[in-house]
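Features reported for this protein in TrEMBL:
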- 1-70: domain 'Ubiquitin fusion degradation protein UFD1 N-terminal subdomain 1' (DOMAIN)
- 72-147: domain 'Ubiquitin fusion degradation protein UFD1 N-terminal subdomain 2' (DOMAIN)
- 147-274: region 'Disordered' (REGION)
- 149-163: compositional bias 'Basic and acidic residues' (COMPBIAS)
- 206-220: compositional bias 'Polar residues' (COMPBIAS)
- 245-261: compositional bias 'Basic and acidic residues' (COMPBIAS)
């Protein structure tokens, strides 16, 4: 800045260190900075080129300069332009060394950090407690946002298994059937299959009785063992015709009567003597 600016500031009540607010009236851009020396030509000020880029200034443009009082910063969030800055071995130490040449930071500005013959540009994304803060003799918390050209790694796609390679379903386990083996004899002889007897239900047969309730006849009263008679009219249909079972019973009884009866001591007589 020119020496006349120092004379003007000496007669004003200002806070030290001296901080200034720069405004580009044409583009409406605002930034903040400190002062290095008062040795410039009258009517001229010299600012770094990266500040001119932030404020969209060209050489010879008009800039409004105003003294400002900024609070000390407690938090700042930075965003590098490229991922190369993440490859630096110790970015914290590099920032501490580079920011010593800065007296204040303004949200929206872009600063340049030189390292190993490279220039890393970093955006000021956020600042607390205000949009413009002083970083002289203060402990400030620094946070980093992902670089502008950072891309999240793509998730690996799940390989689709072709239907030919699909696993076959497990074989069904047969159910347990007890006593399903073959029979064997203790004497070594082959076992013969014995068919289980088939039980057939017995048909009930009934006897006929007289219409007046008299006792049944002799031939009809003879029934097979194990047969039951239900009711006196069980042997007749609704028309009074005897059922076929009665005829069969009569035929069986007639056959039994025809068979000769056993007679005791009917054989020949023999003597032990001649």
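Cβ coordinates come from backbone N, Cα and C, glycine included.
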Please count the residues of the domain 'Ubiquitin fusion degradation protein UFD1 N-terminal subdomain 2' (72-147) that DSSP assigns to helix (H, G, I), strand (E, B) and coil.
16 helix, 34 strand, 26 coil
Helix, strand and coil counts within the domain 'Ubiquitin fusion degradation protein UFD1 N-terminal subdomain 1' (1-70) (DSSP)
14 helix, 17 strand, 39 coil
What mean pLDDT does the predicted model reach across the domain 'Ubiquitin fusion degradation protein UFD1 N-terminal subdomain 2' (72-147)?
87
